[in-house]
Amino acid sequence: MGIARILSAVLFLSVLFVVTFPTLLSADHHDGRIDTCRLPSDRGRCKASFERWYFNGTTCTKFVYGGYGGNDNRFPTEKACMKRCVKA
């Protein structure tokens, strides 16, 4: 009875993996990584004032980052934002 349960669990996990794996490769991923350029701008949770750049869907735009939190759609320079997010 123990072997049957183990085999059932392995089969279940295998089917689960096969069913969910294509979702991991969906439109929110680019070149195998999450496409940060599609994330909204996020100032973060603190009150510092750091000049950063985010991609707004069309171009890179300056915003004030609070210094902590936020998301990965945040770049130190316009050039870094353009390099990552603007498709040539």
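Keep in mind that glycine also has a Cβ here, set from the backbone N, Cα and C atoms.
The structure displayed is predicted, hence computed values, not measured ones.
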The residue that Swiss-Prot pairs with Cys60 in a disulfide, chosen from Cys37, Cys81, is Cys81
Cys85 pairs with which of Cys37, Cys46 in a disulfide, per Swiss-Prot? Cys37
Taking only the residues in the domain 'BPTI/Kunitz inhibitor' (37-85), give me the average pLDDT of this model. 95
How many Å lie between the Cα of Cys37 (disulfide bond) and the Cα of Cys81 (disulfide bond)? 9
